[in-house]
Structures are given as C-alpha cells and as structure tokens.
Amino acid sequence: MMSKTYHIAVLPGDGIGPEVMAQAYKILDAVRQRFNVRISTSEYDVGGAAIDRQGSPLPAGTVAGCEQADAILFGSVGGPKWEHLPAAEQPERGALLPLRKHFKLFSNLRPSRLYPGLEAYCPLRANIAERGFDILCVRELTGGIYFGQPKGREGTGPHEHAFDTEVYYRFEIERIARIAFESARKRRGKVTSIDKANVLQSSILWRKVVSQVAPDYPDVALSHLYIDNATMQLIKDPSQFDVMLCSNLFGDILSDECAMITGSMGMLPSASLNEQGFGMYEPAGGSAPDIAGKDIANPVAQILSASLLLRYSLGLDDAADAIELAVNQALEAGHRTADLAGGGSAVGTGEMGDIIAALISQGA
C-alpha cells in the first residue's frame, strides 16, 4: 500500500516572498528524505506578482489550485508598486482577505518565543528576558467588532457619529476555545482567556462559553484575564503565559505585542485554520520590498510556517519537531541573518536555509 501524498499549494507572492520561500522548499526536501513522506508542491501567483502577470491579485487559477491542496504555504504580498490601485484591488486586500473568507479560516495561531542567544534583541529588561517565553496567541478571525453589523457613519456637524458592533455567537466562541485547548494539550497545558467581562456583554458570553468548554479538557488549566491587565502582564512577565485565547480585536493587539517583545519579527510564523484543519501558513512580517533580492532576508519565519503546516494540517508532528529543533540548533551555533547579527558577521538568506536543511537531514 502506497503512503499518502500530501499536496501543498505554494504562493510565494511579492518582495522577499520568493527568496524566503526558496528556503522553505529546501526544508521540505530534507523532510521528504529523512521521514520518507510524499509531499508535492504546486506554485501559484498571488498579490502584486499576480497583478503584473494576470491582472488580478487573486486569480481564479490560484484559488482552484488551493482548493485541490491539503494546505497553503503563503509568502508575503504588497509593496509600493501597487499602492496606487484602489484599496480592494491592492495585493493585501485583494488576496489575503478573500483567501481567508473563501476557505473559512476562523482561527489564527501566532507563536512567539524568545530564542536562546537572542535575549539582547528583546526590548524588555534583561532580568525579564532571561526567563524566556514561548507563547501561542490563538485569535478568533472572522467574528467580533471587525465584522459585526450594523457599522457606519451618520450625521453632520457636532452630531456626526460613527459606530461598530461587537457580535459573538456561542458557536464562534466554542470552536476557537477548542482550538486553544487542543493546542495547549500539545504544549504546557495552560490557557489564559482574554476578555473585558467587567464591561462588555460580548465578553461576558465569551467567558461563560470558554468556562463551559474547559471541563472537556481536564488536563488543561484555564484562567481569565481582562485585556488591560493582560497587556500589562505580558510586559511584566511573559514567561507566565502558554496559550492566550483572544477575540478578533484583542488578539489583533496582543499578537503584535507578543511579536514585538521577541525583538525578531523575521522569526515569527502564523497559521490560519478552518474547522476541517485546512490552513494557510505565512510569516507574521511583511514583504519588505526594500531588501528583496539582496540575500539578506531572514527565512526562519517562512521555514517555521512550513513547520506549522506539517503539524496542524498534515499531522506530521515528528517532522515539525525536527524543523523547530534544527532552527534552535542553527541559532545556538551562532548563525545569524543580518537582522540579528548586530553588526557582526551574518549569513545570507540562502546559506541560512542550507544550514537548517542540513541539520534536519543529519537528524539534528
């Protein structure tokens, strides 16, 4: 009986996207060989590159290719070249948001960790940074105040006003809570749910539903924090957190705060999943057109995005572990791209990919 072949739709995009994606290909090759798994990839245009070649940021052929795949590995989109276009036709609005909507990607997972040896890049005090941290921010992506109706602006003069509506349904809260609890089971067994239940009706329901889901996961400890306290605690002692469960708005804020305290955005991957486990995986940073093509971009976020893909959509935990271990070992050996070299000697984008791929192949 032949082993299953996994199909990945690869969307390199713009800016540094293609060159960091090239390093992800090296990592997938190493995984194929070491773990004897069958992984095929098909590449499609997206973003500005798709506008230039096909006249649309998200061509129908790209969507069709993604529909045939088990997961999407996404690079980055956008750049000054396309900023003159109407907002809905620009790479970000015209590609990322429609992909999320089309595949019903309701959950966003953003890991943020401080890697050993990179404490100097953390903006927190040394006595806080030295404790390290490894946080997974689980954000609800399709509900809440960004999508609630009604929203709009009315009136003129002193009576001109604007309004947005925060709406959460029980099923939306329950399904994102289960993602957080399941994730905590694979980590350190702690979920901190973030809300504003002392003021907001939507947060009162959020806390109620999360608390009702918790007994299904007796091996996971649940605690609750108000959003204002959570932002303070994240600065005071990030090591206390494992999985942070957030609504759309609160997760938007906290996931960026988590990213910033690592001091190394080029290291951070993200995953967006639907209820079937289908996902889109991408670096948390942008397309960085100013450094594109110079072999100086940090490919680790793209490589770790591939690791998340293997773990969450393909169920290949051993391969994902091997990638993460190889990244750790490369950093511990002192290999740094320019963003982390601090003026010292730096390796290029391609060399960093080669180093990590070799560590995977060697058994890391």
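Along the chain as shown, the residues are counted starting at 1.
Just so you know, glycine gets a Cβ as well, placed from its N, Cα and C.
According to Swiss-Prot, the feature NAD(+) binding site maps to 79-92, 286-298, an assignment based on sequence analysis. Per Swiss-Prot, the feature substrate binding site maps to Arg100, Arg110, Arg139, Asp228. Annotation source Swiss-Prot lists site 'Important for catalysis' at Tyr146, Lys196. Under the heading Mg(2+) binding site, Swiss-Prot lists Asp228, Asp252, Asp256.
Mapped onto this structure are the features recorded in Swiss-Prot.
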residue	record	DSSP (3 states)
Gly79	NAD(+) binding site	coil
Arg100	substrate binding site	helix
Arg139	substrate binding site	strand
Tyr146	site 'Important for catalysis'	helix
Lys196	site 'Important for catalysis'	coil
Asp252	Mg(2+) binding site	helix
Ala292	NAD(+) binding site	coil
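Of all Cβ atoms in the shown protein chains, 17 besides its own fall within 10 Å of the Cβ of Asp252 (Mg(2+) binding site). If you count neighbouring Cβ atoms within 10 Å for each of the binding-site residues Glu83, Asp228, Asp256, the highest count belongs to Asp256. Candidate recorded positions: Tyr146, Asp228, Asp252. Nearest to Ala87 (NAD(+) binding site) by Cα distance: Tyr146. Secondary structure at Arg110 (substrate binding site), as computed by DSSP, is strand. Here the candidates are the recorded positions Gly79, Pro91, Lys196, Asp252, Asp256. The one whose C-alpha lies nearest to that of Asp228 (substrate binding site) is Lys196. Around Arg139 (substrate binding site), the same-chain residues at least 6 positions away in sequence with a Cβ under 8 Å from its Cβ are Ser107, Asn108, Leu109, Arg110, Ile176, Cys246, Ser247, Asn248, Phe250, Gly251, Asp252, Leu254, Ser255.
Cα to Cα, Arg100 (substrate binding site) and Pro91 (NAD(+) binding site) are separated by 14 Å. Looking at Glu83 (NAD(+) binding site) and Tyr146 (site 'Important for catalysis'), their Cα atoms lie 23 Å from each other. Looking at Ala87, Ile296, the binding-site residues in this record, the fewest other C-beta atoms within 10 angstroms of the C-beta turn up around Ala87.
The Cβ neighbour count for Tyr146 (site 'Important for catalysis'), using a 10 Å radius and every protein chain shown, is 14. Ala292 (NAD(+) binding site) counts 18 other C-beta atoms within 10 Å of its own C-beta, drawing on all protein chains shown.
Burial estimate for the binding-site residues (Gly79, Pro91): highest at Pro91, by number of other CB atoms within 10 Å.
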